[in-house]
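Straight from TrEMBL, the features:
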type	residues	note
TRANSMEM	21-44	transmembrane segment
TRANSMEM	73-92	transmembrane segment
TRANSMEM	99-119	transmembrane segment
DOMAIN	135-203	domain 'Phosphatidic acid phosphatase type 2/haloperoxidase'
TRANSMEM	139-157	transmembrane segment
TRANSMEM	164-185	transmembrane segment
TRANSMEM	191-209	transmembrane segment
TRANSMEM	221-244	transmembrane segment
TRANSMEM	256-274	transmembrane segment
């Protein structure tokens with residue numbers, strides 16, 4: 001006589017990991033949303049915030065030849081390039097039978113980029129307080145594309161490749177974000193807001209994936225920060241090598257360095273935090 005089939009309950013060790021992941025993901029989602037709201041409130045709606053943001057954008061510049069190189073870098077972030085990158089990530093996940101992660105990666109990239117365009121073109125308005133152009137540019141579309149691909153990569157990357165994804169991803173996002181500021185396309189707040197949009201969708205994906213399955217983190221936060229800082233620093237050195245300079249010569253070194261450091265640290269923190277929280281699915 002066949003014994004009745006009994007559904008397998010989550011192991012005792014799996015339950016606390018799942019609970020911690022759900023709480024962490026929900027907390028990151030709320031923090032990302034709150035950061036986005038605060039940036040809109042202070043750096044778009046507030047005259048003082050607009051002035052600080054505009055001055056920060058004008059603190060860095062590049063000569064014509066250097067600017068052409070930066071624009072060529074930004075040109076690589078096209079819809080076609082993103083589609084190819086997504087095909088590679090999805091294939092990587094499917095070959096390892098991680099179908100839920102593949103779907104989550106696609107949703108994160110699509111959702112983050114659509115959200116940025118809707119916010120920028122359909123919801124947010126920039127009051128004219130006399131600081132720069134008054135057409136809203138927050139969040140940055142190029143930076144959203146870059147950070148969403150990095151987050152998607154971390155959702156599907158195996159444990160052995162996660163450090164490399166953090167290193168190269170942080171470098172790519174810093175290079176993209178700073179380049180948009182130097183080109184005069186975006187203010188620093190646009191770049192940081194794009195990071196918040198990416199983390200918002202990434203944390204939402206982790207929350208949904210954790211409902212189904214979650215294990216212990218496979219990577220530490222401190223090593224992730226180290227890889228992220230290394231990537232961000234490499235991007236900063238490359239930008240200086242290309243020809244990014246402080247506006248106003250030596251007297252402008254402080255403000256220019258501040259812009260690059262803020263963007264670099266923001267990227268490092270976002271990528272490292274997401275690497276840590278999403279490592280519960282890595283194998």
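Each residue, glycine too, has its Cβ placed from N, Cα and C.
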(message) If you count every Cβ pair below 8 Å, which range out of 21-44, 99-119, 221-244, 256-274 shares the most with the transmembrane segment (73-92)?
(response) 99-119
(message) If we skip the immediate neighbours and take only residues 6+ beyond the ends of the transmembrane segment (221-244), which ones have a Cβ under 8 Å from one of its Cβ atoms?
(response) 60-63, 65-67, 69-70, 162-163, 166-172, 174-175, 178-179, 182, 260, 264-265, 267-269, 271-273, 275-276
(request) Could you put numbers on the helix, strand and coil content of the domain 'Phosphatidic acid phosphatase type 2/haloperoxidase' (135-203), residue by residue per DSSP? (result) 56 helix, 0 strand, 13 coil
